[in-house]
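As structure tokens, the structure follows; a few thoughts come after it.
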Amino acid sequence: MPLSVLVLNGPNLNLLGTRQPEVYGTTTLADIERDCRAKGQALGLDVEFRHSNSEGELVDLIHDARGRHAGLILNAGAYTHTSIALMDAISSVELPTVEVHLSNIHRREPFRHHSYIAKVALGQICGFGAFGYLMALEALAHHLRSPA
Ligand code: DHK
């Protein structure tokens, strides 16, 4: 049976495509979902792709992932920089997590430089636009097959 991973997207990412294209590009979230599914298939991973603008719902989705998914890819949007609750949720379910951002958060405003997610993630991929999700799937597949 193929391993399953959850790709989880936080606030405002539903607006990708029209939202500040100079920062986030013109790829829509539906495009990213399609590409993640194709990449997952190539890697032998089942991909569940979800979005929520609500912090509590993201916490619930992370809790529900335990026992259903082998790993998590998370773009928590602005909650990256604020949410101890999301950090604690990842610690609680103990799922290997890859943090993704479309933009290079370290080249942007200082308030985006700090990530609570980074403290509990395997690693962080940022600055490569939508391609970062595919890199994250590769990294997670590699980790699941040969954990370091
Ligand atoms: C997306 C957001 O919505 C921002 O709040 C983060 C991240 C960066 C991204 O680049 O994907 O600061």
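Note that Cβ sites are derived from N, Cα and C of the backbone, with glycine treated the same way.
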Return the residue out of His63, His81 that TrEMBL annotates for the same substrate site as Asn75, Asp88, Leu102, Ser103, Arg112.
His81
Judged by other C-beta atoms within 10 Å of its C-beta, the most isolated of the binding-site residues Asn75, Ser103 is Ser103
Ligand 1: which of the recorded positions Asn75, Asp88, His101, Leu102 have a Cβ closer than 6 angstroms to it?
Asn75, His101, Leu102
Least buried by Cβ count (within 10 Å) of the recorded positions His101, Arg112
Arg112
The correct three-state DSSP answer for Asp88 (substrate binding site) is helix
